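Trainee: Pasting the feature list from TrEMBL:
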DISULFID  CYS134-CYS173  disulfide bond
DOMAIN    8-231  domain 'Lipid-binding serum glycoprotein N-terminal'
DOMAIN    246-440  domain 'Lipid-binding serum glycoprotein C-terminal'
Amino acid sequence: TNPGFVVRITQAGLDYAHQHGIKVLEKELGQLKLQDISGDFRILRVGKVRYEISRLHLRSFQLPHSYISLVPNVGLQVSISNAFAELDGNWKVKVYFIQDHGSFDLKLENVYIKIDLQLGSDTLGKPTIDTSACSTRISKVRVHFSGKLGWLYNLFYGAVESRLRKLLETQVCEIVAKSVRRELQPYLRTLPVTAKIDAKTGIDYSLVAPPTATARSLDVDLKGEFFSLAHRSAVPFSPLPLALPPDHSHMVYFGASSYFFNTAAFAYHAAGALVFNVTEAMIPKGVHLNTTTFSAFIPQLERMYPNTPMTFRLSAPSAPFLSIGPQGLSLQPVVDVQAYAVLPCSESVPLFLLSLVMNVSAVIDVRSGHIVGSLDPEALFLPPLQVRQLQSLVNTIASAIVIPRLNERLNEGFPLPLPERIQLSKILVRFHQNFLLLGADVRYQPR
């Protein structure tokens, strides 16, 4: 399925996310709990040696060097190098009737961690992430023992060093997997794949395919479809293929296709939101909506309903279709204008129906994580038999009532698909054939 909306996260965006993620992982590793170790072994001419390691306490775990990279068609890989950790604990050794005990300080140096992250989507269209592989290698283990019998230290160290190394290497990867599941996965699920926009419509940002890693970016294909809350019906048109240009100067890019905007028009039309009732009280002073005014070009109105108030009902017979090109956004909506005479008994009598076509251009921007816009009517086309005075009046109604109401809604905006606590800056807006490209840098606001 072609997406109606595409999100592209560049290497710069991944690097920024990685900075925050590595701080969380460093904190998680700093809370690593190690179990006690005990065992025995035999040494020639010495005999059976019994040892115990207890009260292991990790003082710190530092990750000074790390980076995130894209693995095309696979996912993401995080590489950590030259990490180090410090811990202390108590030890006890017994050989025959000789025993000694004390404390020790242990330093892990040149720790290397490699994490493979697999990206996907669940049945609701939400993004998923998990560790597909993890490996840890500890190059150096330095230990300082305190005690009385120094010759026992070497026996003790040789026996437990490999066990400590293996235990730490295993538990580091366990912490990594838990951190991804406990911190990263829940955060990704804050992406609003289905959101209510207002009382009439919602928007569907569910993933239509798992995220795709390329050599330079992570691309996420979304449905990008508006829908009526009252009745969600199938959209009678399909999205065209959407290929973003190779621009990577910003952290994130959003590609909003013409399908995305046209489903908005379809949803609002289906919800009955593109209907406007106009009375004289709503238009500028000096313009009177009555049969006397309109008798200048429809003489029989005054004879049938002398000096009778009138109202208009403006509606779109079909959802307006928006076009996107390199020059911007434009649309030519067809508007039906139904005129009514309001009799003294408050009964409305239909008088005449006009169908007109408007040329409208649109201005798009991004504010507070929302796509906002405004419409500007450029021209109005009436049927050939209508006179200029009628065109002027309908222009007044459109510019004074219809367009301001639409712009009021467009100014509220429609939310971009962003997880929690993300702010956008350095906004870029560009128009391409059949889609709008938005670029931005991101800033994460911790709780």
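Including glycine, each Cβ sits where the backbone N, Cα and C put it.
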Trainee: What same-chain residues, at least 6 away in sequence, bring their CB to under 8 Å of the CB of CYS134 (disulfide bond)?
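Mentor: Expected: ILE113, LYS114, ILE115, ASP116, CYS173, VAL176, ALA177.
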Trainee: Quick one: give me the count of other CB atoms within 10 A of the CB of CYS173 (disulfide bond).
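Mentor: The Cβ of CYS173 (disulfide bond) has 17 Cβ neighbours within 10 Å.
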Trainee: Please give the average pLDDT for the domain 'Lipid-binding serum glycoprotein N-terminal' (8-231) in this predicted model.
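Mentor: Across the residues of the domain 'Lipid-binding serum glycoprotein N-terminal' (8-231) the model's pLDDT averages 90 on the 0 to 100 scale.
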